[in-house]
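Visitor: Taken from Swiss-Prot, the feature topological domain 'Cytoplasmic' applies to 2-33, 97-117, 166-172, 262-288, 376-420, 463-476, supported by sequence analysis. For 34-53, 77-96, 118-138, 145-165, 173-193, 241-261, 289-309, 355-375, 421-441, 446-462, the entry in Swiss-Prot reads transmembrane segment, with the evidence type sequence analysis. For 54-76, 139-144, 194-240, 310-354, 442-445, the entry in Swiss-Prot reads topological domain 'Lumenal', with the evidence type sequence analysis.
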Amino acid sequence: MGIKFLEVIKPFCAVLPEIQKPERKIQFREKVLWTAITLFIFLVCCQIPLFGIMSSDSADPFYWMRVILASNRGTLMELGISPIVTSDLIMQLLAGAKIIEVGDSPKDRALFNGAQKLFGMIITIGQAIVYVMTGMYGDPSEMGAGICLVIIIQLFVAGLIVLLLDELLQKGYGLGSGISLLIATNICETIVWKAFSPTTVNTGRGTEFEGAIIALFHLLATRTDKVRALREAFYRQNLPNLMNLIATVFVFAVVIYFQGFRVDLPIKSARYRGQYNTYPIKLFYTSNIPIILQSALVSNLYVISQMLSTRFSGNFIVNLLGTWSDTSTGGPARAYPVGGLCYFLSPPESFGSVLDDPVHAAIYIVFMLGSCAFFSKTWIEVSGSSAKDVAKQLKEQQMVMRGHRETSMVHELNRYIPTAAAFGGLCIGGLSVMADFLGAIGSGTGILLAVTIIYQYFEIFVKEQSEMGSMGGLFF
C-alpha cells in the first residue's frame, strides 16, 4: 500500500517547483552568502504586512507558539514554518506506522520528500483558509470574498517561499536547514528584544520599559529606594525581568554541556589493516527534531481548538479540547488556554504557577517527556539513522566495528542507537520543562531549539574549517 500511495502522488510531485541540486561543490563563502540571502528574505517577509486585513489587534491565539514557529503576526510570515513542520510530522507518523513504506533507494527517498512538499503546500492553503475564515483579520463577511482570496493567496505564496528557502539550504547551497535557521533567528531576536526593548508599557507601578536590562537602569535612575528598584528589576511580574535572563543563560549553559555527552564506538577498516576510527553516538542523537515535532503537534491542536471555540463556544466537546481567555497584561493582546486539554498541554507561566496547580505541571511534564521520547525513537526509523541504516553506511565505507563481524554490527548498534534516541528525546523534553519552570525567555522549547541549532552551526563551521585547512581559507 505504501509504495502504491507514493506512486499515486508521483505525477503531482513532478509539477512542484524544485531547487536543483548543485552540479559542483559549493564553497563555504558561497554557502554563507546563500544563507545570508535566505535570512534576509525571511526578515523582510517578517516586516511586510498582509494587504487587505482589516485588523490584527485582537487577541493573538497563537502568541505562545510564534517564537518557535518563526511566525510574525499580520505579516507575510504569519504561518512561519508551521506548514513544513506539520507536513513532516504527518509523513513521519504515516511512515512510522508503516502506512507508507519508504524504501532505501534514492528514488523512494526523493518521492517521499516530494510528498512532504506536496502536503506542505496543501497544509499552507488549509491554514490560510482557516486563519481568514475564523476572523483573525476581521469579519470575512465585511471584508468580502475578493479580499479574503487575496489574503489567502499572499499566505500561500509566502508559505511556498519558505518551502523553497528550506529546500535551497537542504540541497547544499547553504548551511544547515532553512527550518533551523529561521527558528534560531526568531528565538534569538526575541531574546535580544526582551532584554533591550525600548518600548514602554503602562503598568500598575507606572510606566516601565519592556526590556529587562533597560528597565534595570531606568528603575535605578528613577526610584529613590534602590533596593526596591533592584527587587523589581529582578522579580517584576508580567514583563521580562533579570531572573528570566539569568534563567535563559543558565539553560544555554546546561544544554551546551549536555551536547558533549556521547558514546564512541570503535571501528576499523575492513580493507586496510591498522586503520582505526570511532563512530560517535551522541546523547542528543536526533538533535532538536523531537521538540520541533512536538511543537507542531501542539500548535495544530491550538489551531483546531481556537477554530472550534470561535464557532461553537459553549459546546461540551469543544470545551473539553480547550477553553480560552484573552489578556493584554504586560504586552500584546494574546489568547491563552484556561481549561481543557490545551491548558494541560501548555507550559505553566512560572514556578509560582507550578505550585498553584501541581496537577497541570505533572501532566505537562509527562506529556513533554513522553512525546519527545516517542518522536525521537520514531524519527530514526524514517530518517535513515536507525541501526540498520548506520550499519549499511559503515559497510559501504568498508568499515566494521572492532570485535564484531559485519553480520553482528546491526545487533550491536541496536544496543545503543534506539536507547540514545529515546533517552536523548527524554532529556530534551526534561530540559525544556526545566526552562519553562525557571521562566526562561522565549519558552523552554524555544531555548532548547535555539541552543541546539546554534551548536549545529558551530559544528558545521568547525567541519568546514578543518576541510579548508584554516580560518582564512573559509572566506578568502
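Quick reminder: no glycine exception, Cβ is built from N, Cα and C everywhere.
Each of these features: where is it, how hidden is it, and who are its neighbours?
Guide: A Cβ distance under 8 Å defines the sequence-distant neighbours of the topological domain 'Cytoplasmic' (2-33), meaning residues of its chain 6+ beyond its ends; these are 95, 98-103, 108, 111-112, 114-115, 117-118, 121, 160, 164, 167-168, 171-175, 464, 468, 474-475.
In the predicted model, the topological domain 'Cytoplasmic' (97-117) has a mean pLDDT of 74.
Sequence-distant contacts of the transmembrane segment (118-138) (same chain, six or more residues past either end, CB-CB distance under 8 Å): 9, 12-13, 16, 50, 52-56, 58, 61, 74, 78-79, 82-84, 86-87, 90-91, 148, 151-152, 155-156, 159-160, 163, 303, 306-307, 310-311.
Residues of the same chain lying 6 or more positions beyond the ends of the topological domain 'Lumenal' (139-144) and with a Cβ under 8 Å from any Cβ of it are 52, 54, 132-133.
Long-range contacts of the transmembrane segment (145-165) within the same chain, counting only residues at least 6 positions beyond its ends with a Cβ under 8 Å from a Cβ of the stretch, are 17, 19, 38, 41-42, 45, 50-53, 76-81, 83-84, 117, 120-121, 124-125, 127-129, 131-133, 137, 178, 182.
Residues 18-22, 26, 31, 34-35, 38, 81, 84, 117, 178-179, 181 of the same chain lie 6+ residues outside the topological domain 'Cytoplasmic' (166-172) yet bring a C-beta within less than 8 angstroms of a C-beta in it.
Residue counts for the topological domain 'Lumenal' (194-240) under DSSP, helix first, then strand, then coil, are 24 helix, 8 strand, 15 coil.
Helix, strand and coil residue tallies for the topological domain 'Cytoplasmic' (262-288), in that order: 0 helix, 15 strand, 12 coil [DSSP].
The list of residues near the transmembrane segment (289-309) in space but at least 6 beyond its ends in sequence, with Cβ under 8 angstroms from a Cβ of it, reads 61-62, 64-65, 68-69, 82, 85-86, 88-89, 92, 127, 130, 134, 179, 183, 315, 318, 321-324, 335, 337, 340-342, 345-346, 368, 371-373, 375-376, 379, 383, 424-425, 428-429, 432, 445, 448-449.
Long-range Cβ contacts of the transmembrane segment (355-375) within its own chain (Cβ-Cβ under 8 Å, at least 6 residues beyond either end) map to 92, 286, 289-291, 293-294, 297, 343-348, 422-423, 425-426, 428-430, 432-433, 436-437.
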Visitor: Can you work out which residues elsewhere in the same chain, 6+ from the ends of the topological domain 'Cytoplasmic' (262-288), have a Cβ less than 8 Å from its Cβ atoms?
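Guide: Here the qualifying positions are 180, 375-376, 379-380, 383, 385, 390, 394, 398-403, 406, 412-413, 416-417, 420-421, 423-425, 427-428, 448-449, 452-453, 456.
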Visitor: State the non-local partners of the topological domain 'Lumenal' (310-354) in its own chain: residues 6+ outside its ends, Cβ under 8 Å from one of its Cβ atoms.
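Guide: Hits for the topological domain 'Lumenal' (310-354): 57-61, 63-64, 134-135, 201, 203, 210, 237-239, 298, 301-302, 304, 360-361, 363-364, 367, 433, 436-439, 443-445.
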Visitor: According to DSSP, how is the topological domain 'Cytoplasmic' (166-172) divided among helix, strand and coil residues?
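Guide: Grouping H, G, I as helix and E, B as strand yields 5 helix, 0 strand, 2 coil.
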Visitor: Please give the sequence-distant neighbours of the transmembrane segment (173-193): residues at least 6 beyond its ends with Cβ less than 8 Å from one of its Cβ atoms.
Guide: 19, 22, 26, 30-32, 34-35, 38-39, 42-43, 66-72, 80-81, 84-85, 162, 165-167, 210-211, 248, 288, 292, 441-442, 446-447, 449-450, 453-454, 456-457, 460
Visitor: Who are the long-range neighbours of the transmembrane segment (446-462) in its own chain, taking Cβ under 8 Å and residues 6 or more past its ends?
Guide: 67-68, 175-176, 180-181, 183-184, 187-188, 190-191, 248, 251-252, 255-256, 259, 284, 287-288, 291-292, 428, 431-432, 435, 440
